[in-house]
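What follows is a single structure, written as structure tokens, with notes after it.
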Number of protein chains: 2
Amino acid sequence: MIEQSAFTVEPWCLRECNLQLDLLAQAESLFALSNGHIGWRGNLDEGEPHALPGSYLNGVYELRPLPYAEAGYGYPESGQTVINVTNGKLIRLLVDDEPFDPRYGQLRAHERELDFRTGLLLRKAEWVSPAGQAIRLTSTRLVSLSQRAVAAICYEVEAVDDPARIVVQSELVANEQLPDPNGDPRVAAALKDPLIPEAHGAYAATADLVHQTQRSGLRVAAAMDHTVEGPEGTRTTSESFPNLGRVTVTTVLHPGQRLRLIKFVAYGWSGERSLPALRDQVQAALTAANHTGWHGLCAEQRDYLSDFWSRADVEVDGDTKIQQAVRFSLFHVLQAGARAEQRAIPAKGLTGPGYDGHCFWDTETFVLPVLSYTVPSAAAHALRWRHSTMPKAAARARQLGLHGVAFPWRTIHGEECSSYWPAGTAAFHINADIADAVIRYVAATGDTDFEAGVGMELLVETARLWCSLGHHDAQGRFRIDGVTGPDEYSAVVDNNVYTNLMAQQNLDAAAALVEKHPDRARELGVNAEESARWRDAARAMTIPFDDLLGIHPQAEGFTRHQEWDFAATSPDQYPLLLHFPYFDLYRKQVVKQADLVLAMHLRGDAFTAAQKARNFAYYERLTVRDSSLSACTQAVVAAEVGHTELAYDYLTEAALMDLKDLENNTRDGLHIASLAGSWLALVAGLGGMRHYRGVLSFAPRLPAGLRKLSFSIYLQNQRLYVDIGQADARYTVSDSRPLRILHHGTPGVIFPHQPLVRPIPPPPHALTDPQQPIGREPLRRRRRRTQE
Amino acid sequence: MIEQSAFTVEPWCLRECNLQLDLLAQAESLFALSNGHIGWRGNLDEGEPHALPGSYLNGVYELRPLPYAEAGYGYPESGQTVINVTNGKLIRLLVDDEPFDPRYGQLRAHERELDFRTGLLLRKAEWVSPAGQAIRLTSTRLVSLSQRAVAAICYEVEAVDDPARIVVQSELVANEQLPDPNGDPRVAAALKDPLIPEAHGAYAATADLVHQTQRSGLRVAAAMDHTVEGPEGTRTTSESFPNLGRVTVTTVLHPGQRLRLIKFVAYGWSGERSLPALRDQVQAALTAANHTGWHGLCAEQRDYLSDFWSRADVEVDGDTKIQQAVRFSLFHVLQAGARAEQRAIPAKGLTGPGYDGHCFWDTETFVLPVLSYTVPSAAAHALRWRHSTMPKAAARARQLGLHGVAFPWRTIHGEECSSYWPAGTAAFHINADIADAVIRYVAATGDTDFEAGVGMELLVETARLWCSLGHHDAQGRFRIDGVTGPDEYSAVVDNNVYTNLMAQQNLDAAAALVEKHPDRARELGVNAEESARWRDAARAMTIPFDDLLGIHPQAEGFTRHQEWDFAATSPDQYPLLLHFPYFDLYRKQVVKQADLVLAMHLRGDAFTAAQKARNFAYYERLTVRDSSLSACTQAVVAAEVGHTELAYDYLTEAALMDLKDLENNTRDGLHIASLAGSWLALVAGLGGMRHYRGVLSFAPRLPAGLRKLSFSIYLQNQRLYVDIGQADARYTVSDSRPLRILHHGTPGVIFPHQPLVRPIPPPPHALTDPQQPIGREPLRRRRRRTQE
């Protein structure tokens, strides 16, 4: 947990007013900069103190053997782990004889600020060396959203009281020493010295390093150039070694004098291109950055973000903390996906090595819904990356004895990297999640080229998977046995409702596309018999229901299991998976994360309102939220069934997941999906937005503490602005086309220049608040606010 | 598979007439000698050629870390692996300048014979060296059943045509080079040089070595002494090194002259005793052996076995192959258990390193039923070993959040060593299997001291386990969810019928003992409330039944799963676990080994005859017998439901499992449980013996090919001799007490000196033969016999 006072509450930035050494690790993640291609953790410029230095390139990984004490057929033999690439953000500072290090001397002031509108990480410090020499320091860092190979730093030192001899060493460092990881399985496996030096060089104020990874065979190049402004006599030299490029600037500063160093860094990597080609590519990027110049890069950054906020901003009136959190969230979601460009969006973005840098279903289910309605090009890129891994997914399906494609549970490059199959390979729902993201992206954008191309291939091959994975029973019901749903406290179950409903949608959508694009269908080898089988499987899909309890069991038999003994579980035994064996978790009614409740969000069309209310209450009692992928979904469904204040609580939890370090692992990187979830909790939760089968609907309702919530979404290039108050909601379109929506179930048409205003009805029933497991209630937002 | 002609068919021995280098590995297992404490594989005396040298001491293991790519709470961190201890059977032979090695020169004759009545492994060879020197060789080897620390070899060399210079090196070798293991998970993990030298010495014709294991900290001592008889001029020297003790005998033999070396070897090991203490212990054992002398040891061995065969022999008239196989089986079962004396009986006995030398449920469920009625003291020892591990099983239960004890799925020393929990820890039935073995042992022996002591503690603590593992559902049914039954092609299922029925018996029996021994119950902290809960849980136990199919599903939901596509599975895809992922196996109707069918054997009182017939037919269609623990049970139940010829087929498969190497892994050691299963298939199968709730019953019926089957069992120190013909069965008691039995359901009393003779009724119904999966039918014994 991060204490209240660590960061200020401001609507457009995250500000840390003092350097807090005990929060160094979390701050490194929170202040991380990324454009989806390059990621730099928020390490101090001088390198130390640090918790975990981190520089990442999307797609750069090393292989490591996956050990098994008892091997089994089809277990992946090799894992992929994101590696810490060449560190280009290091700028060491020597003041007289002493290295600038806040742990020594006296740090009079230290402030950091991540500005969501400029995309800059600003830092100001005033430090007195142990020998009594005072200096002022400012640094501004960016990872360019407009030039994806480029990052830059403006670093300024000023003498305060006495003349100071200053040495600045700006470096590229490969194979940095990293701290030993702890035993938490969620933390990345360490890889020592993963980069083999290939070439290095230095001249004038530049240096470059080229390396290759040993087993994955990827070539990584980094280069830097500098602009130096200082008093007369300032000298610049450069040198290079296999793992070190260094540009050194020396000067003597008199009080009021200032040394200013602008560092441009360019990165490139490839599994194919030769050393000279890659070196040239990086030099070219560096030249372009130099030509644009520092101010030019800052201006491009601001323009890029200005456009983004005009499309995607969410305004929350009445709760500045949530306002800040949702912008922080959107900023980081953008950073993760903006320029990924046919690479994966990992669970942690490029903010840390958590989960080995792997991409999971998080992307399609939580991140792409945000991007599809705000930055659809980024959503398309992410899906094109999935599509590019289809040959590997097809090979995996064949290995498992299945047709179509079986996408990996966790991967960087496309191969399955999960070594515990009951929680990995068996989680087949990822295939339907990808299909769901395709369907949503096409519905949001109307991108028919994508639909008939990449989209249709993904839907057809995943439909084939479901058809071979399931089977008909003697009564003709289509069953999907032995799979794992989203809830990781159950595994290898029969007819998980979430999986079956998502597969049903997948099969239906594939059949519909076959009808719509018959030529493409022929190209993909689909005939009428095959698509008829898909429709039949979808129609006959088994959806278990417990008549006695009047609710949907999460999977067949679930409601007959013993309920977890929450009363006997102490607060320090959460997360349960670190204190109880899977054996025990799997066999009891205890839910790590929304599963049936997620089905009610994504396939709400398959449930009645009464079922939703009963189901929600039932699963609330069992859900411990040991996963960051739960609170946002609980917010969405709580809002739908009328628990508006509870939705507000869950929304808060999702929004503050990292700002408060609620799961105590923000050090390893941010929870990108949970950040995206704060948008979902607001837009799909309080805003009640749904988009089933092409019908866009809203059911807005605000908690008492909020005055207003407004947001924009893009629907087929048309901007819809939704402005929700306590009493009514106002819908405005920016385009010349009218737009049909449902407002709380009632159809309405929004005409251009004529906002649709509709009153907000009272909540559906007088529902009593559902109970959560003892000690696992979300913090009440209203109570919290009075404490703030 | 081993071809027909490799061994002769003889009733009282296993004879190999020629040395077959391609069957070396299998022969090493088949010719292994053991007394349950020491195990020597049937390696050639000269050491090479070999497939796998093996010398084992029951309980001597090394620890090895168990690696996990994704760790989990409660996973065992350390495994235990049997190690190859000091090899005391090596006697190298140099003829003139050439080592005796059958791969060179000419092997004129080579015969080996394992004699089940003498317990000796005899070997005769005639060899011409590459230089043309002919010699005759005989060796006789024993591992003493009477002196458990002792083994001995009588080794004789004779010159044939010309004078020969002979050097014999009799050795103790530690840390032998072993061949690399292959990738089969069932093969033991290799441990290189596991023994650290501590002391060594040599004088006269003796040598000894003392070592310690590195991580498990066990001290192992081996010593040897020799008696040498040779022509004048025969010289003997000795020497020792850290890993080698050597006694060298040199002589020149003229044609007809003979060198005779008798080697006595003694072993000792301890985790507690000091080096001098252990060294003295081994020297004392050696002195005793020397004092007994070679002929004395041979005589003791014969006496021991004569007593055994008088108690345990099974006579099969009409099928010599089965006659040989069942005696081979009983001989090896005896070797595995005879002198284990409060150590485990491992799955492979001490015949090879397979399964890491671990002990599983095999012991209690397959081996102890044989021993309980033939050598009950050995059964008691095995159960006392289990009892000695209770503190570890109690700690494991607590780690898993359970009460009572949770015995390990696989272990040497008592700690859980299974690294794949769905097929290990989740197989909780092992606890009920242990209880079952206790109940059977007490019923067989009437050993009330054992019952009130060790037996009651085992039953009470396992009953506590079941009570905490299960729970009552809303309708008051007692459920045991998320466990794995015997069939390893299903895992983590709800209400496995086998598990629930065995737990039910466990709970009932514990409650009955509490009633019978109230003082002991108080000592164990059991009050009336607790035992009432056990009775209630037993009474309310969920036993799923599929009304539509009219059969018991193996576990809840099993019969709704898709059936395995046997038609699409080619013969080389068996065993399935090496060619298909667990994921696929678990979710389909395919059975590796008898599970529901085993329940019908062990808890036959819980099924009607009609249920048994329907269930058997249903599961026959799904059972692929990829485990050696299936054929014998299928034989037992096939016989009961009236498929006598099919029972004969399965009996044959169980009996020939190792003699024919049917699972292609006899090289790693014998399948002790399947060997025991050949007794079960005859006695419980064709003999129809059952012993439920103190009632002994028989339902004998022979297949057409057998004239007679007779066997003895011991019931409370009374010998019952059963003699079954085609038309009737004759029951005789040796004691003065009359004995009540059921014969085909009809009560009868056997009076002393007055055999009970009863006719054998025709089979229950005119049943059509059940089907097996395509290509997995057992070989038809009748057809085989015409080919033989």
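Heads up, the Cβ atoms here are built off N, Cα and C, so glycines get one too.
Because the structure is a prediction, the values reported are computed rather than measured.
Among the features that TrEMBL reports, domain 'Glycoside hydrolase family 65 N-terminal' is placed at B:19-270. For B:327-679, the entry in TrEMBL reads domain 'Glycoside hydrolase family 65 central catalytic'. Residues annotated as substrate binding site in TrEMBL: B:Trp361, B:Asp362, B:Lys592, B:Gln593. The active site, proton donor annotation in TrEMBL covers B:Glu488. Taken from TrEMBL, the feature domain 'Glycoside hydrolase family 65 C-terminal' applies to B:689-746. Annotation source TrEMBL lists compositional bias 'Basic residues' at B:779-788.
Sequence features annotated in TrEMBL and their locations in the structure.
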| residue | record | Cβ contacts under 8 Å, 6 or more apart |
| --- | --- | --- |
| B:Trp361 | substrate binding site | B:Trp409, B:Ala427, B:His429, B:Ile430, B:Asp433, B:Ile434, B:Pro486 |
| B:Asp362 | substrate binding site | B:Ala347, B:Leu629, B:Ile672, B:Ala673 |
| B:Glu488 | active site, proton donor | B:Ala423, B:Leu577, B:Lys592, B:Gln593, B:Ser627 |
Within 8 Å of the Cβ centroid of B:Trp361, B:Asp362, B:Lys592, B:Gln593, the other same-chain residues by Cβ around the recorded substrate site are B:Phe360, B:Thr365, B:Pro486, B:Asp487, B:Glu488, B:Ser627, B:Leu629, B:Ser630, B:Ala673
Mean per-residue pLDDT in the domain 'Glycoside hydrolase family 65 C-terminal' (B:689-746) works out to 95
Residues in the domain 'Glycoside hydrolase family 65 C-terminal' (B:689-746) per DSSP class, helix first, strand next, coil last, are 0 helix, 35 strand, 23 coil
Neighbouring CB atoms within 10 angstroms of the CB of B:Lys592 (substrate binding site), all protein chains considered, total 22
Once DSSP output is merged into helix, strand and coil, B:Lys592 (substrate binding site) belongs to coil
Among B:Trp361, B:Asp362, B:Lys592, B:Gln593, the record's substrate-binding residues, the widest C-alpha separation in angstrom comes to 16
Simplified to three states, DSSP reports B:Trp361 (substrate binding site) as coil
Row B:Gln593 (substrate binding site), column other C-beta within 10 angstroms, all chains, value 22
